[in-house]
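Engineer: Sharing the record's features from Swiss-Prot:
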- 1-33: signal peptide (SIGNAL)
- Asp53, Thr56, Asp59: Ca(2+) 1 binding site (BINDING)
- Cys147-Cys148: disulfide bond (DISULFID)
- Glu221, Asn308, Asp358: Ca(2+) 2 binding site (BINDING)
- Asp358: active site, proton acceptor (ACT_SITE)
Amino acid sequence: MTIRSLPALSPLALSVRVLLMAGSLALGNVATAASTPAAPAGKNVTWEDIANDHLTTQDVLQYGMGTNAQRWSPLAQVNDKNVFKLTPAWSYSFGDEKQRGQESQAIVSDGVVYVTGSYSRVFALDAKTGKRLWTYNHRLPDNIRPCCDVVNRGAAIYGDKIYFGTLDARVIALDKRTGKVVWNKKFGDHSAGYTMTGAPVLIKDKTSGKVLLIHGSSGDEFGVVGQLFARDPDTGEEVWMRPFVEGHMGRLNGKDSTPTGDVKAPSWPDDPTTETGKVEAWSHGGGAPWQSASFDPETNTIIVGAGNPGPWNTWARTSKDGNPHDFDSLYTSGQVGVDPSTGEVKWFYQHTPNDAWDFSGNNELVLFDYKDKNGNVVKATAHADRNGFFYVVDRNNGKLQNAFPFVDNITWASHIDLKTGRPVENPGQRPAKPLPGETKGKPVEVSPPFLGGKNWNPMAYSQDTGLFYIPGNQWKEEYWTEEVNYKKGSAYLGMGFRIKRMYDDHVGTLRAMDPTTGKLVWEHKEHLPLWAGVLATKGNLVFTGTGDGFFKAFDAKTGKELWKFQTGSGIVSPPITWEQDGEQYIGVTVGYGGAVPLWGGDMAELTKPVAQGGSFWVFKIPSWDNKTAQR
């Protein structure tokens, strides 16, 4: 293995250079199908299969392990009594030199594991043996602009096709048996910063009865306007597109439909000197829905996070001599309920109005039944935001039900006002403009930093304990303003930063929290940042991975560490579990990378010793152990 040797990064400049290098390294990729035998034909995946993904155990068909994104499994063959006997069943190496940034959640169907790799690759593996069935290597151009490493977070499956996105702004359908391309659709200009890193998902529109493929764009840090797409999964043709910057025009059936919100976009300042009549930032305003959407079939609503506004600099999105609190930069840094029939916005709740800190609202939206302090049940979303607060929102209308901190020492706001739904900001936490003649403003110490109290790595919800298991980080940053102007293909931030430790003995924390009271039930600390997702099971277990390569299991009620295994590289992906031939399997993608080593300042230095890698590991109780492997 190669030991990571990225240097500590000065704010912005070196990060961008490393990202551009990532694009050039990918040039040698060639689109291929494996010469090994095709995957078993199996049955086509139906919408009913996907709709029941959270209930069934033999497959994992959707990102989040169900349309509700709870990452909860009813499997209990592996449990708190026998997890110490968990051993590797097999592992598969992704091979070649692309050993970094493996953030993929695998899916499983009919005895085949489909897992994506960094640099826009897909692998089909026999779920019992790890035998490679086929590989797809997407050929990438040398001018891709991924902000946060060359990652891919997963694929989707429906019918006889596998779907995934690429770093050159494409969504592709592959034949699930052979890996051959069925269709390939370009949705944005990759040289301007459009990419796709999140896993697409399938939903079924109750109104039309049609199954749709839903995916978003990435690229906020390069000044793109974020877009959510619905496609025909058979042909790849666009059904609708919804932009997440107020006043930008949507599309329906290939024609302009309606603007998002008010066509005059009052939440963005006017500027009569420009072609649009709005400030420059409005044309490059971000809001990209780069994480996977959840779907509520009861209300027929797609629910997805909207990314940070562009640029990060709050003053570029505020009128001259104006107050940032008068310009919310809609529809960024929040959660959006979208009508699957038309792509219209049904409701919007903003976590961070006029976000000055890159607190992108993209973290997963978990659908669950929330019981308030009076015992009333609300169909809700749960969201642990990068800004450090945990939100419970009514998924019927987007109204806030509860909010509380899930990390320590939040500086930018004192609390979330439950009546207004808005944060109560602390004075002095929006960095001031540079003084005349200066190139940067006075630094401010902010917590959480822009990488968040929790980033994209998804939490899990246990239907047994009623707790959320949140992989967070306790850290802070020095943060200052810089001059900013849009240039195609260049980072569009207007801010400088350096992330620092908050505590000497740990950065990462896995916390079990009660969504009604906000109470911390238990906590596990890690020396390195936590960037892996979480899995909860009926076996009273919680699984996650660590930056130094351990895959770990905890008692879901007490937080006691029950088992761990060294995989050889840092884990920055969500684990899954499934049942096959009467045995429970647990799988996780392994290979360090992602945003921390690229953007993390002191944290990049901390993670230097972590080995790079690229593999998929599968564990189970040994078949010969019939005494404790309860079936």
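Cβ coordinates are placed from backbone N, Cα and C, and glycine is handled just like the others.
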Engineer: Show, in sequence order, which residues other than Glu221, Asn308, Asp358 on the same chain lie with their Cβ within 8 Å of the centre of the Cβ atoms of the Ca(2+) 2 site.
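Structural biologist: Apart from the listed residues, the neighbours are Cys147, Asp220, Gly286, Gly307, Pro309, Gly310, Trp312, Ser360, Phe450, Leu493.
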Engineer: Roughly how many angstrom lie between the C-alpha atoms of Asp59 (Ca(2+) 1 binding site) and Cys148 (disulfide bond)?
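Structural biologist: Spelling it out, the Cα of Asp59 (Ca(2+) 1 binding site) and the Cα of Cys148 (disulfide bond) are 30 Å apart.
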Engineer: Please list, in sequence order, every residue of the chain apart from Asp53, Thr56, Asp59 whose Cβ lies within 8 Å of the Cβ centroid of the Ca(2+) 1 site.
Structural biologist: Asp49, Ile50, Asn52, His54, Leu55, Thr57, Gln58, Val60, Leu61, Gly66, Trp578
Engineer: From the Cα of Cys148 (disulfide bond) across to the Cα of Thr56 (Ca(2+) 1 binding site), what is the distance in angstrom?
Structural biologist: 34
Engineer: Return the member of Asp53, Cys147, Cys148 nearest to Glu221 (Ca(2+) 2 binding site) in space, with distance defined Cα to Cα and candidates limited to these recorded positions.
Structural biologist: Cys147
Engineer: Roughly how many Å separate the Cα of Asn308 (Ca(2+) 2 binding site) from that of Cys147 (disulfide bond), to the nearest whole number?
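Structural biologist: Their Cα atoms are separated by 13 Å.
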Engineer: Fill in the CA-CA distance, Cys148 (disulfide bond) to Asp358 (Ca(2+) 2 binding site), as an integer in Å.
Structural biologist: 13
Engineer: For Asp53 (Ca(2+) 1 binding site), which residues in the same chain are close in space, meaning a Cβ under 8 Å from its Cβ, but six or more apart along the sequence?
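Structural biologist: Set apart from Asp53 (Ca(2+) 1 binding site) by at least 6 residues yet with Cβ under 8 Å, we have Asp59, Val60, Leu61, Gln62, Met65, Gly66, Thr67.
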Engineer: Please report the Cα separation of Cys147 (disulfide bond) and Asp358 (Ca(2+) 2 binding site) in Å, rounded to an integer.
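Structural biologist: Cys147 (disulfide bond) and Asp358 (Ca(2+) 2 binding site) have their Cα atoms 13 Å apart.
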Engineer: What are the non-local neighbours of Asp358 (Ca(2+) 2 binding site), defined as same-chain residues 6+ apart in sequence with CB under 8 A from its CB?
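Structural biologist: For Asp358 (Ca(2+) 2 binding site), the qualifying residues are Asn308, Trp312, Arg386, Phe450, Met495.
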Engineer: Of all the binding-site residues here, Thr56, Asn308, which one's CB has the most other CB atoms within 10 A?
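Structural biologist: Highest number of other Cβ atoms within 10 Å: Asn308.
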